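Enquirer: Dumping what Swiss-Prot says about this protein:
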| type | residues | note |
| --- | --- | --- |
| BINDING | ARG239, GLY263, ASP285, ILE313, GLU314, SER343 | S-adenosyl-L-homocysteine binding site |
| COMPBIAS | 16-39 | compositional bias 'Acidic residues' |
| DOMAIN | 217-531 | domain 'SAM-dependent MTase PRMT-type' |
| MOD_RES | CYS2 | N-acetylcysteine |
| MOD_RES | SER25 | phosphoserine |
| MOD_RES | SER27 | phosphoserine |
| MOD_RES | SER171 | phosphoserine |
| REGION | 1-43 | region 'Disordered' |
| REGION | 48-71 | region 'Interaction with ZNF200' |
| REGION | 186-531 | region 'Mediates interaction with ALDH1A1' |
| SITE | TYR87 | site 'Not phosphorylated' |
| ZN_FING | 48-71 | zinc finger |
Amino acid sequence: MCSLASGATGGRGAVENEEDLPELSDSGDEAAWEDEDDADLPHGKQQTPCLFCNRLFTSAEETFSHCKSEHQFNIDSMVHKHGLEFYGYIKLINFIRLKNPTVEYMNSIYNPVPWEKEEYLKPVLEDDLLLQFDVEDLYEPVSVPFSYPNGLSENTSVVEKLKHMEARALSAEAALARAREDLQKMKQFAQDFVMHTDVRTCSSSTSVIADLQEDEDGVYFSSYGHYGIHEEMLKDKIRTESYRDFIYQNPHIFKDKVVLDVGCGTGILSMFAAKAGAKKVLGVDQSEILYQAMDIIRLNKLEDTITLIKGKIEEVHLPVEKVDVIISEWMGYFLLFESMLDSVLYAKNKYLAKGGSVYPDICTISLVAVSDVNKHADRIAFWDDVYGFKMSCMKKAVIPEAVVEVLDPKTLISEPCGIKHIDCHTTSISDLEFSSDFTLKITRTSMCTAIAGYFDIYFEKNCHNRVVFSTGPQSTKTHWKQTVFLLEKPFSVKAGEALKGKVTVHKNKKDPRSLTVTLTLNNSTQTYGLQ
């Protein structure tokens, strides 16, 4: 999924959650209750709304009593279940105010909780009575005495209590400041460690992708939080219509099945599957676009079939043990860029039922020789004379960067050669780093200036109607384009010649979502980065 916002808005239906939730209802009865409450209130009495309906109350205690009796939401149980103290409680209240989740969702949450972000310290409602509630009373209930010790008046006792609370608040703020400072030191240490470490360990059964921490992987997921990349992907007709045709033309694969959509984005594949007759569809995505996806699902009245879960597939807890079908649009530039296939294979190993299927199921990567002397000169020879100055040293920075662009088919000078065949049902994560010898049959005498790579996608297993699409330069262009590896020193080739070479593909050791590609060709070796 070469797509890369924040979709979290303070409206009903945008919930940072692990499930797609039905929208709360504002019934006429609730409005009537609110009117009755307003009529009975003294003028100027401060009110606060219920967390789950429109009723108003004049104290936190009344509000929580109502939540417990009418909505089966017990704040005492919630605080103890998650070990919430002052700041955790504040975040919880603001999270509910901002995201409007259902009671069922709130009662189903387990750690990690979705209200940990600093943004939930900001009050949603001005003068919210619930934020003035002392959550520590839930841990240490105290009885209010009817007489005051040592001859203190009631006012004096209140003042002393306020001083005690102020001191406790200052202590908590100081502790939070120290915690933030420690956290920053830890982050800096982790960044320094990553930048100075060349090797990540990886076994054949696990992926370094699964081990990435939030601060390491945040840029990747945040890039998918903006609508723009999803618009680009949805408008890619080759991509989107291929998935649609595969699903709609093979409904037997989805009828009454439980389907998992890994990296669901806006939910388009989940909705295709639901329309094809799936019994249940689970969409998982870590990016903020999931909040818009929740609204999209409700707008299309598919919330009874589709459940959306926010988080990494390696970390979330699905509401089912096994699924029948896994679908995902995981492909990146040169197929493997972004390493999202690692996550799909993780999901397959953990959740796919025996006899289940993963789609797309077959993928191939191919190379082809390119001759485009003008473009090579524009990007490489350009540095030999820049306004009369020599800048040839810049070539060392330009050449190692793979270029993603749409090639003119007329620049192709060889037949393609496959270098990798992936069957998603049998491939392991370790197979995604590989070396391959290749031979390119030259079709036209010319100068070879670059080698280009692209991939083809197949929906085949159990399909009555097979669907295939290509990202090659001779096919309709897609948002994946082609990946071009410019040669430092072009060389001549003759028609009919067999140009032999070797390619090695690895994850970047410092950024495993990026790729390192090494080409050996014409007695020369060059390493390229795709990032």
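Each Cβ is built from the backbone N, Cα and C atoms, and glycine gets one as well.
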Enquirer: Just to verify a number: CA distance, ASP285 (S-adenosyl-L-homocysteine binding site) to TYR87 (site 'Not phosphorylated'), in angstrom, no decimals.
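Expert: Spelling it out, the Cα of ASP285 (S-adenosyl-L-homocysteine binding site) and the Cα of TYR87 (site 'Not phosphorylated') are 27 Å apart.
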Enquirer: Around the C-beta of ARG239 (S-adenosyl-L-homocysteine binding site), how many further C-beta atoms are within 10 angstroms, looking at every protein chain?
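Expert: The answer is 23 other Cβ atoms.
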Enquirer: Taking the Cβ of TYR87 (site 'Not phosphorylated') as the centre, count every other Cβ atom within 10 Å, in any protein chain shown.
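Expert: The Cβ of TYR87 (site 'Not phosphorylated') has 17 Cβ neighbours within 10 Å.
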Enquirer: Given the binding-site residues ASP285, GLU314, which one's Cβ is surrounded by the fewest other Cβ atoms within 10 Å?
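Expert: Checked ASP285, GLU314; of these binding-site residues, fewest Cβ neighbours within 10 Å: GLU314.
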Enquirer: Give me the long-range Cβ neighbours of ILE313 (S-adenosyl-L-homocysteine binding site): same chain, 6+ apart, Cβ under 8 Å, in sequence order.
Expert: VAL262, GLY263, VAL284, SER343, TYR346, ALA347
Enquirer: Give the residue counts of the zinc finger (48-71) per reduced DSSP state, in the order helix, strand, coil.
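Expert: Output for the zinc finger (48-71) reads 12 helix, 4 strand, 8 coil.
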Enquirer: Max Cα distance spanning ARG239, GLY263, ASP285, ILE313, GLU314, SER343 (S-adenosyl-L-homocysteine binders), Å?
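Expert: Overall maximum Cα spacing for these binding residues reaches 26 Å.
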Enquirer: CB neighbours of SER343 (S-adenosyl-L-homocysteine binding site) within 10 A?
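Expert: Around the Cβ of SER343 (S-adenosyl-L-homocysteine binding site), 23 other Cβ atoms lie within 10 Å.
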